[in-house]
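I have placed the structure first, in the form of structure tokens, so that the comments after it can refer back to it.
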Amino acid sequence: MSVRLSLPAPAKLNLFLHILGRRDDGYHELQTLFQFLDHGDELHFEARQDGQVRLHTEIAGVPHDSNLIVRAARGLQEASGSPQGVDIWLDKRLPMGGGIGGGSSDAATTLLALNHLWQLGWDEDRIAALGLRLGADVPVFTRGRAAFAEGVGEKLTPVDIPEPWYLVVVPQVLVSTAEIFSDPLLTRDSPAIKVRTVLEGDSRNDCQPVVERRYPEVRNALILLNKFVSARLTGTGGCVFGSFPNKAEADKVSALLPDHLQRFVAKGSNISMLHRKLETLV
């Protein structure tokens with residue numbers, strides 16, 4: 001088996017986000033619908049025999065040992081008892097604080113890559129359980145299927161939904177998830193709904209009004225995108241998105257947006273590009 005491996009870490013969108021209540025431990029009960037994008041970071045791994053975990057790519061403002069990639073590698077190392085280590089390089093394309101899962105996706109890709117490189121043989125459930133300790137969004141990336149999520153986001157029901165093209169606008173802000181969920185004006189009493197209701201269009205993102213109020217850049221991006229398509233915030237933001245039936249229409253609207261707005265066009269996918277790549281390795 002090769003000691004080197006390169007894998008993608010795909011972005012995700014929250015197609016809606018309803019907050020049902022707040023638990024005694026401070027976490028929020030929610031419902032959301034995750035779908036992947038064929039766009040993301042790229043990670044490169046090379047196994048080491050001395051047990052060291054080294055991330056060779058610096059992320060501004062994130063200490064090496066606090067990076068989710070390093071925490072994922074060390075967590076798997078400890079839980080599995082593997083004596084092996086790894087060198088990791090990251091091609092970072094996804095924004096931090098964007099609501100499209102950059103850090104969680106990187107962590108999930110790390111877990112799956114090292115399960116393969118270190119020949120651990122862990123099953124999907126065991127990897128997802130370890131991923132949940134790193135963050136509520138990590139399991140959806142380790143499982144790799146579009147899903148209706150409940151609880152704090154960890155109860156996942158796979159779904160088969162349309163796979164449109166998306167135009168994603170990336171405002172230049174770093175949104176604090178903790179800040180949004182602690183805002184006293186955040187809606188916390190949305191009624192539970194079914195997936196069918198979401199697909200019929202009766203849903204929203206409960207975080208969006210709070211984010212728009214706190215971050216004018218996000219509000220302005222929504223105003224601009226709403227001129228061409230129904231736009232919505234993903235997660236706690238700050239990325240916003242609109243869906244299109246084909247790439248040509250998404251590209252057309254992208255070309256009409258101001259040059260200063262960062263954005264990208266990507267296809268939605270119910271099976272993540274990470275898992276499609278992993279299937280070719282088996």
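In case you wondered, yes, glycine gets a Cβ from its N, Cα and C as well.
As the structure is a computational prediction, the values presented were derived from the model and not from experiment.
Annotated features, as they stand in Swiss-Prot:
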type     : residues                                                                          : note
ACT_SITE : Lys12                                                                             : active site
ACT_SITE : Asp137                                                                            : active site
BINDING  : Pro95, Met96, Gly97, Gly98, Gly99, Ile100, Gly101, Gly102, Gly103, Ser104, Ser105 : ATP binding site
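Within 8 Å of the centroid defined by the CB atoms of Pro95, Met96, Gly97, Gly98, Gly99, Ile100, Gly101, Gly102, Gly103, Ser104, Ser105, the record's ATP site, lie the Cβ atoms of Ala11, Leu94, excluding the listed residues themselves.
Listed in sequence order, the binding-site residues from Gly99, Gly101, Gly103, Ser105 having a Cα within 10 Å of the Cα of Lys12 (active site) are Gly99, Gly101, Ser105. Considering only the binding-site residues Pro95, Gly99, Gly101, the Cβ with the fewest other Cβ atoms within 10 Å is that of Pro95. Cβ-based neighbour count (10 Å, all protein chains) for Lys12 (active site) stands at 28. It is Gly103 that, of the binding-site residues Gly97, Gly103, has its Cβ surrounded by the most other Cβ atoms within 10 Å. A gap of 7 Å separates the Cα atoms of Asp137 (active site) and Gly101 (ATP binding site). Sequence-distant neighbours of Ser105 (ATP binding site) (same chain, six or more apart, CB under 8 Å from its CB) are Ala9, Pro10, Ala11, Lys12, Gly40, Asp41, Leu94, Phe141, Leu274, listed in sequence order. If you draw a 10 Å sphere around the CB of Asp137 (active site), it holds 26 other CB atoms from the protein chains shown.
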